[in-house]
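Residues or ranges marked as transmembrane segment by TrEMBL: 54-84, 96-113, 125-147, 153-171, 180-199, 211-234, 341-364, 370-393, 405-429, 461-489. Look at TrEMBL and you will find 58-496 tagged as domain 'Major facilitator superfamily (MFS) profile'.
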Amino acid sequence: MGLAEEAIGNGEGLGIRAKQKYVRVDAQIPEETTGEENPNRMKETDRIKQSRRYVIACALFASLNSVLLGYDVGVMSGCILFIQKDLHITEVQQEVLVGCLSFISLVGGLAAGRTADAIGRKWTIAVAAIIFQTGAAIMTLAPSFAVLMMGRLLAGVGIGFGIMIAPVYVAEISPAVTRGFLSSFPEISVNVGILLGYISNYAFSGLSNHINWRVMLAVGIFPSVFVGFALLVIPESPRWLVVQNRADEARSVLIKIVGSEVEANKRLVEIEIAAMPATAGKSGSTKAVWSEILNPSPVLKRMLITGLGIQCFQQITGTDAAVYYSPTILRAAGIKSDNKLLAATVAVGFSKTVFILIAILLIDRAGRKPLLYVSTIGMTICLFSLAVSLCLLDKGSVSEPAGIAVAMAAVCGNVAFFSVGMGPVTWVVGSEIFPLRVRAQAVALGTVANRVSSGLVAMSFLSICNAISVSGAFFIFGFLSALAVAFVYRFVPETRGKNLEQIEVLFGDVGEWERKEMELSDVKYEGIVNK
């Protein structure tokens, strides 16, 4: 390559050792530093730090809608106790009221995929907030079960929009090295929302039965109000802008995100290569995307198995049942007072929220798969422990205080292990594995799988408990959690440290997948998903 050995400086008068530097013959010899920091380098470092803060702020604002889902899940566990007394609803109506949210949110999830491709990720976040606000207001003022259901269904559509678009948006603006950390923000927001819902239940339970549940639901409107402010801060997704042939705007956003014009141009080239099939077939693209998803190539089929499968396992292991019906579960363990039940649910929500911090710290260090192993194995142990303790309490084989202690520990442990892995990692993996041209619609399909699974669990839990007891229901959840461990081993590859375009290549190499490791230096984007 024509290198010349050049001795630069002998250190005379400088008090330093002479250094040997090898430079190209045609290269400019660098100036010797004098101990002062290079101003340009300092400015670049400052820009990078500023861009990191900017991306974090964008991820937080984009995740506000996820607080709504969490709040609804948490608050409804307490509201249902008072709605039953105020509106005199039956047990079946309780199941429908709780479970319908998951089913109707799949409508929002599917609509969000098409909406996000049409008007952009940013404005789809706004649509989600407006729809939810309207539904929450109707529920708050509902004079009857029928009107309450109308508001519930509308709020469900808004939640479906929100939980689909948040992980997609965050994944598309995040650098590869911190994508796992940032993509976990929506799940963190869900957990914060659940905790706030539990606290709201306890705080307002002292009001009259006609007022307390209405106040609890009304409080849920406030997070969506802040979305209006968020729209003034967050940019549009650069990947969506590329698909819309708005490369200059995408470059401007990328410069803000990465803090370096050179790196932004490099990223833009990678995105443009990945987006070529989408931009080439932009007319009638929605129909083309669904045709590709319904008739997938072997690579896309593996992605769909991973993405949809992990979404189903997140819900069929009973986490929503443990959250929605935690008062019912704890009552079966021996806690009778409504106030004590609601106070106990705050402890459950606190455990769920605190332990997600472990996932935040480790998801980009330890990786996705190790956290999923810890999560699913821990959940399996806790679910079987809860089932056994409830069974022994039913038979009178253990004292009530001991049974309550074990049941509380098992419920808190279950949601804690869920927050370590299955909670945040499911949404991270589900939003990062699909190629750009089908990402919005495929993530929407994953959201549908998640919400259908959640709805089936929520709408059947009380009936199952009546048929085979609460302990029997958790034996089933424990078995399904054990199956989740096997699914993670067989179908989920490690995606830590890879950018969204490189992950496509990872799914194209079955041998590398089965060996569970792939070096970034070996990854080259060759459009392999199109094979």
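The backbone N, Cα and C atoms fix where each Cβ goes, and this holds for glycine too.
A quick note: this is a predicted structure, and the numbers were derived from the prediction, not measured.
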Hey, which bits of the same chain come close to the transmembrane segment (370-393), Cβ under 8 Å, at least six residues off its ends?
313, 317-318, 329, 332-334, 359, 362-363, 400, 403, 406-407, 409-411, 413-414, 416-418, 420-423, 425, 469-475, 477-478, 481-482, 484-485, 488-489, 492
Name the range, of those listed as 54-84, 125-147, 405-429, that has the largest tally of Cβ pairs under 8 Å with the transmembrane segment (153-171).
125-147
Within the same chain, the residues 6 or more beyond the ends of the transmembrane segment (405-429) and with Cβ under 8 Å of it are 167, 171, 179-180, 183-184, 186-188, 190-191, 306-307, 310-311, 313-314, 317, 319, 322-323, 326, 329-330, 333-334, 344, 347-348, 351-356, 358-360, 363, 368, 371-376, 378-379, 381-383, 385-386, 389-390, 393, 398, 450, 484, 492, 495
At an 8 Å Cβ cut-off, counting only pairs 6 or more apart in sequence, do the transmembrane segment (125-147) and the transmembrane segment (54-84) clear the bar of 3 or more pairs?
yes
Applying the under-8 angstroms CB criterion, which one of 96-113, 211-234, 341-364, 461-489 scores highest with the transmembrane segment (54-84)?
211-234
If we skip the immediate neighbours and take only residues 6+ beyond the ends of the transmembrane segment (96-113), which ones have a Cβ under 8 Å from one of its Cβ atoms?
72, 76, 80, 83, 89, 124, 127-128, 131, 145, 148-149, 152-153, 155-165, 320, 324-325, 440-441, 443-445, 447-448, 451-460
If you average per-residue pLDDT over the domain 'Major facilitator superfamily (MFS) profile' (58-496), what number do you get?
85
